[in-house]
Amino acid sequence: MIMGLNDKQTTKNRHFVQAMKHAVVGIWTVIRDERNMRYHLLAAIVAVGAGWYFKISELEWLMIALAIFFVVVSEFANTIAESLTDLIVRNHYDPLAKKIKDVAAGSVLLAATFAVVVAIIIFVPKLF
Ligand SMILES: Nc1ncnc2c1ncn2[C@@H]1O[C@H](COP(=O)(O)OP(=O)(O)OP(=O)(O)O)[C@@H](O)[C@H]1O
């Protein structure tokens, strides 16, 4: 169990190491709770493997890295938006809650589309 997952701290972090531990817990929480995040990670591993296999250029690595981080950061923002919404409205239907969740999901879809386009541009010409 990663330290900090079950603590009840509500005060400011006392030092850098403590702040880092909470940040790592945050990353682990998204991987554990969000099924889509695990799919994104799997896709990232496949892309990095293909990059090695095809010996892609530095610029191509940069584009792959950008695409991966773009998707991961959008998934984090999506998780924050969903959690904040659920915290506020709980199980009540609210049109604003729907708007927030739909827009957050839309940002992940846009980022994932960008990643797929980057992958097609880089890898398809190498396959044929
Ligand atoms: N409280 C709510 N009020 C109105 N609409 C909601 C509410 N909660 C969810 N929805 C609608 O249901 C959809 C799915 O909600 P959910 O919380 O499961 O998000 P999700 O994007 O499917 O989650 P995940 O990213 O984990 O797959 C939202 O996109 C939204 O349209």
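Going from the start of the chain as shown, residues are counted 1 onward.
In case you wondered, yes, glycine gets a Cβ from its N, Cα and C as well.
Among the features that TrEMBL reports, active site, proton acceptor is placed at Glu75. What TrEMBL lists as ATP binding site is Glu34, Glu82, Lys101, Asp102. If you look up TrEMBL, you'll see Glu34, Glu82 marked as divalent metal cation binding site. As annotated by TrEMBL, substrate binding site applies to Glu75. Look at TrEMBL and you will find 39-55, 61-81, 102-124 tagged as transmembrane segment.
Features recorded in TrEMBL, as mapped to the structure shown.
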{"residue": "Glu34", "record": "ATP binding site", "DSSP class": "coil"}
{"residue": "Glu75", "record": "active site, proton acceptor", "DSSP class": "helix"}
{"residue": "Glu82", "record": "ATP binding site", "DSSP class": "helix"}
{"residue": "Lys101", "record": "ATP binding site", "DSSP class": "helix"}
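Taking only the Cα positions, the spacing between Glu34 (ATP binding site) and Glu75 (active site, proton acceptor) is 9 angstrom.
All chains included, 23 other C-beta atoms sit within 10 angstroms of the C-beta of the residue listed as 'active site, proton acceptor'. The two recorded residues, Glu75 (active site, proton acceptor) and Glu82 (ATP binding site), have Cα atoms 10 Å apart.
Fewest other C-beta atoms within 10 angstroms, among the binding-site residues Glu34, Glu82, Asp102, are seen around Asp102. When Cβ atoms from all protein chains are considered, those within 10 Å of Lys101 (ATP binding site) total 15, not counting its own.
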